[in-house]
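Swiss-Prot annotations:
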type	residues	note
TOPO_DOM	1-17	topological domain 'Cytoplasmic'
TRANSMEM	18-38	transmembrane segment
TOPO_DOM	39-383	topological domain 'Vacuolar'
CARBOHYD	N113	N-linked glycosylation site
CARBOHYD	N116	N-linked glycosylation site
BINDING	H166, D178, E238	Zn(2+) 1 binding site
BINDING	D178, E213, H311	Zn(2+) 2 binding site
SITE	Y310	site 'Transition state stabilizer'
TRANSMEM	384-404	transmembrane segment
TOPO_DOM	405-438	topological domain 'Cytoplasmic'
TRANSMEM	439-459	transmembrane segment
TOPO_DOM	460-469	topological domain 'Vacuolar'
TRANSMEM	470-490	transmembrane segment
TOPO_DOM	491-500	topological domain 'Cytoplasmic'
TRANSMEM	501-521	transmembrane segment
TOPO_DOM	522-525	topological domain 'Vacuolar'
TRANSMEM	526-546	transmembrane segment
TOPO_DOM	547-659	topological domain 'Cytoplasmic'
COMPBIAS	566-576	compositional bias 'Polar residues'
TRANSMEM	660-680	transmembrane segment
TOPO_DOM	681-696	topological domain 'Vacuolar'
TRANSMEM	697-717	transmembrane segment
TOPO_DOM	718-726	topological domain 'Cytoplasmic'
TRANSMEM	727-747	transmembrane segment
TOPO_DOM	748-977	topological domain 'Vacuolar'
CARBOHYD	N749	N-linked glycosylation site
CARBOHYD	N791	N-linked glycosylation site
Amino acid sequence: MARSRTAGRCNPFAFYRVPVTVFVTLIYVALLAPIIVVHHILPAVPESDVEGLDLHEAWRDLQHLTNGFHPYNSHKNDEVRSWLLTRIDEIVSTNVKDAKQQDGVRTFVFDDNQSNLTVVQSNLGVYFEGTNIIVYICGQEDDKREWWKEPGLSPSGKGGVLVNAHYDSVSTGYGATDDGVGVISCLQLIKYFTTPGHEPTRGLVVLLNNGEEDFLNGARVYSQHPISKLPHTFLNLEGAGAGGRATLFRSSDTEVTKFYQRSPYPFGSVFSDAGFKLGMIRSQTDYIVFEGDMGLRGLDVAFMEPRARYHTNQDDAKHTSQQSLWHMLSAAVATTEGLVSDTSHDFEGRPQGPGKVPSGTGSGAVWFDLFGTAFAVFEIHTLFALSVTLLIVGPLTLFITSIILANQDRMYLFGISVPVDDGFGSVPLRGWRGFFRFPFIFGSTTASVVALAYLMAKINPMIAHSSEYAVWSMMISAWVFVAWFLSRIANFARPSALHRIYVLTWMFLLTWVLLVITTVYENRDGIASGYFVIFYAFGTFMATWISYLELFSLPKKSDFANKVSGQISSRPTSLGGSRLLTPSGESVGQHPEDEEPTESTSLLRGQRTSFANYTRPVEDDGDGDLLSTGVSTDVSEARDFNVYGYEQPWSANLPKWTWILQFLLIAPIVIILIGQLGLLITSAIHQTMQDGSSTLVPYLIIALLTTFLFMPTLPFIHRYTYHIPTFLFLIFVATLVYNLVAFPFSGNNRTKLFFLQEVDLDTGANRVSLTGIQPFVSDAVASIPSADGQNISCIPKMDRTECSWESSLVPHVITHPGSEKEETPLNEWVKYKATRLEPGSQNSNRAQIKISGLNTRGCLLHFDKPITRFHVTGSAIDSRFPSNPSLEDGTEDGVREIRLWSRTWGNQWVVDAEWASDEDVNNEEDTLTGKATCLWSDANTQGAIPALDEVIQYSPDWVAITKLDAGLVKGSRSFEV
């Protein structure tokens with residue numbers, strides 16, 4: 001029986017325009033809103049302290065730690081180190097009554113002033129003397145001997161846990177989140193695990209390393225301390241942003257990642273881990289030393305936004321929060337507690353290389369959070385197995401279902417017509433209608449947002465720096481409006497009940513191809529960044545299969561054809577009724593006008609005018625029901641109200657509610673995974689363009705994520721009413737205009753310019769440079785008084801532009817400004833002595849260079865041609881860290897620069913160097929030339945570096961000044977030997 005028109009309009013679950021518009025919109029809003037809230041609103045700090053922790057104390061410690069710049073090469077760094085040793089002593093002495101007593105936790109503090117190391121990497125040599133602070137809290141199952149006191153002795157047992165943070169900052173940042181919060185979290189971990197009742201089962205090593213900011217030196221030199229043999233797992237606490245949530249950057253394996261699952265507020269995605277593996281993220285953390293060089297298995301937890309404050313004077317306590325501190329601290333406590341309580345043998349086994357700890361090998365991990373409260377972790381092998389299964393089962397299931405439908409004569413897809421008996425010809429099915437819609441609509445919508453990405457990169461490439469949500473709004477509104485507009489046009493021109501099944505079939509094909517690609521990466525490279533594709537493909541497969549199963553509810557094609565032919569033969573012939581049939585061969589050439597005229601025949605040929613055969617217009621009421629205007633005709637009487645609009649008549653029996661199930665299978669999980677991933681990626685990259693990264697990539701990523709996020713609407717969007725798309729069109733126009741004309745920076749979203757002052761100590765030449773993105777770096781230089789009237793030289797430097805000028809502002813880095821001491825002559829800032837040595841057994845070109853600098857702990861030697869070998873007197877050598885050029889490390893061309901770091905001020909380094917002979921000259925003329933340079937990085941005293949003070953004072957408020965190199969000031973002298 002035909003459904004009544006009123007019943008159809010009152011069904012809130014039917015596949016009509018109002019239910020589809022309301023339901024789809026509500027699902028998107030209901031899921032995207034909490035995703036955005038979770039991303040930006042941090043968990044509240046507990047009203048009362050957690051046992052073993054003191055959050056008020058932690059916040060006060062952070063404020064004290066960040067009261068000045070404290071890079072390795074600064075006197076403030078020494079003050080911070082002394083303060084940390086004092087705080088650790090206070091914590092340990094308060095919690096540990098006596099290490100000899102039963103009720104005390106055995107704790108040892110190592111003030112490491114002995115470890116040093118030489119490392120060569122990427123044609124750069126580094127010699128570093130460490131000043132790390134190491135706290136060892138003994139575990140219940142640890143070796144009771146003080147084995148570290150005996151050279152060559154190793155600990156017994158299952159291995160311990162390392163928690164690391166670095167206490168040095170950059171020379172232009174206070175280091176609140178890079179890495180102050182990590183350091184304070186370590187202090188609280190010491191407090192927590194030395195509190196009675198919290199004694200660890202495995203030993204806990206807390207490392208506060210010094211010298212991370214320049215080449216990860218502190219972590220590398222930690223490897224030389226005997227206690228480094230104990231830990232098999234680690235947790236690295238880092239800051240690559242300046243606040244917000246601490247995210248799980250990367251992990252070594254599934255087994256160790258499961259302990260992060262204990263965090264009360266987990267946050268992160270394996271996508272970031274893939275970014276490091278694929279080289280998309282160029283900067284590194286101490287994680288690479290512990291996991292790659294030493295063979296530990298662990299986690300990298302770090303702040304990642306906002307990048308505009310990273311390494312600037314806004315990385316301070318004022319611009320972070322207690323909520324950020326609590327977010328990292330709570331994760332650190334939960335994760336560490338799980339690791340030190342583990343009694344399994346999961347982290348024992350063969351070392352991953354010579355000299356590495358015997359931590360065994362774990363399985364690749366897939367992990368992501370859900371709304372910042374739940375955390376999914378499983379093996380990449382599981383993802384691979386599920387992917388392969390879906391790749392096989394999905395197409396096979398649809399193929400078998402299609403065969404069954406064809407055998408039952410219910411395969412309406414691709415059907416053109418069905419022949420009927422009695423000479424009526426064939427009944428059209430119009431089964432191809434809607435087949436080509438998805439490629440056209442999907443291609444057009446995707447092309448539109450990709451075109452917008454290129455437009456932004458061309459006209460206003462930096463707008464995403466401060467207005468990332470305006471870019472998102474523009475992309476989303478454009479995509480949805482174009483998709484709706486094209487779908488409505490297609491549905492108006494050629495209405496089809498097969499729109500949904502065809503679109504879903506195309507979507508399944510697309511996700512199947514994407515799943516093939518991600519499966520290859522999972523198996524070949526261990527990269528799981530496409531984890532969301534399997535959820536996408538599975539939901540799309542299930543929704544597509546439901547559409548195929550819906551076809552079983554339709555009559556057989558032959559029955560439908562016979563029914564149509566029977567209806568037509570049982571009533572007077574009409575023009576409207578005849579259109580349901582395709583003429584047979586016998587009826588070709590027969591026309592109504594060939595019949596015998598009667599009194600009802602129209603005076604105009606081919607047109608009947610009697611009331612009995614009057615054809616009326618039929619209108620759509622907007623809910624899918626058809627309203628007649630006039631007296632019923634043969635056609636309208638035969639029309640089934642279960643048929644939506646002018647779609648195929650045979651679609652009357654299709655279920656009206658299954659679309660909801662299909663949408664719920666596809667959309668929610670896609671919205672959650674893609675929505676969270678989109679915000680995570682946007683936060684990580686939208687402010688990286690100032691560092692010289694591609695200006696196009698962020699916009700392309702947002703465009704593609706928009707496509708993935710809203711593609712689940714394509715099977716249903718042709719049922720949308722015009723209200724929301726029209727509103728989105730207005731949003732698109734407004735955001736497009738804004739994104740094209742708005743200035744991309746502000747006081748809260750500053751662009752970074754990189755400062756360096758270079759002084760030629762031989763000639764007295766003094767040059768200041770700012771490096772950044774054009775035209776903004778030139779605009780900033782124009783505001784500097786000392787640059788006014790100077791010859792500004794702007795040259796490309798990597799992916800940025802360096803603008804430099806001669807400056808009259810001489811740095812006062814040897815004596816404090818206002819000191820009564822006389823200024824030290826420039827040529828005494830750096831002292832060196834280069835002596836040629838007797839030819840060796842393997843090389844005739846050998847020299848010894850001694851270098852020292854006043855009031856500095858960092859110098860370097862730059863060679864005009866590469867050296868093939870060098871050695872710093874007193875340096876340790878470790879096979880895990882190459883100390884000379886080698887083919888395996890890509891440094892076979894030699895070393896061009898050696899950086900020298902000392903824990904003492906004014907130290908003299910002695911470097912022996914060898915270089916290859918030049919075939920064009922004899923040995924006596926084969927000289928080695930270069931520069932002896934020292935670095936000064938202490939900007940805590942006003943007037944010490946007047947050029948820096950001036951740049952900070954007079955730069956526009958949308959500019960942040962940060963350091964370009966290891967030193968803010970570089971003083972150089974030329975040498976030849």
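Backbone N, Cα and C atoms are what each Cβ position is placed from, and that goes for glycine too.
Of all Cβ atoms in the shown protein chains, 24 besides its own fall within 10 Å of the Cβ of E213 (Zn(2+) 2 binding site). For N113 (N-linked glycosylation site), the nearest of the binding-site residues H166, D178, E213, H311 in terms of C-alpha separation is H166. Of all the recorded positions in the record (N116, H166, Y310, N749, N791), the one with the smallest CA separation from E213 (Zn(2+) 2 binding site) is H166. If you look at the transmembrane segment (470-490) against the transmembrane segment (384-404), you find fewer than three C-beta pairs under 8 angstroms, all six or more positions apart, and that falls short of contact. Of the listed glycosylation sites, namely N116, N749, N791, the sparsest CB environment within 10 A is found at N791. A contact between the transmembrane segment (384-404) and the transmembrane segment (697-717) is absent, since fewer than 3 of their C-beta pairs, 6 or more residues apart, lie under 8 Å. The record gives H166, D178, E238 for Zn(2+) 1. Within 8 Å of the mean position of their Cβ atoms, the other Cβ atoms in that chain belong to A165, G175, T177, D179, G182, E212, E213, L237, G239, A240, T285, D286, A302. Cβ atoms under 8 Å from those of the topological domain 'Vacuolar' (522-525) belong to residues 277, 380, 383-384, 387 of the same chain, restricted to positions at least 6 beyond its ends.
Contact between the transmembrane segment (526-546) and the transmembrane segment (660-680) is supported: at least 3 Cβ pairs lie under 8 Å, counting only residues 6 or more apart in sequence. Remote same-chain residues near the topological domain 'Cytoplasmic' (718-726) are listed as 15-18, 20-21, 24-25, 480-481, 484-485, 487-488, 490-491, 499, 622, 624 (criterion: CB distance under 8 Å, separation of at least six residues from the stretch ends). Per-residue confidence over the topological domain 'Cytoplasmic' (547-659) averages out at a pLDDT of 61. The Cα of Y310 (site 'Transition state stabilizer') lies closest to that of N749, out of the recorded positions N116, H166, N749, N791.
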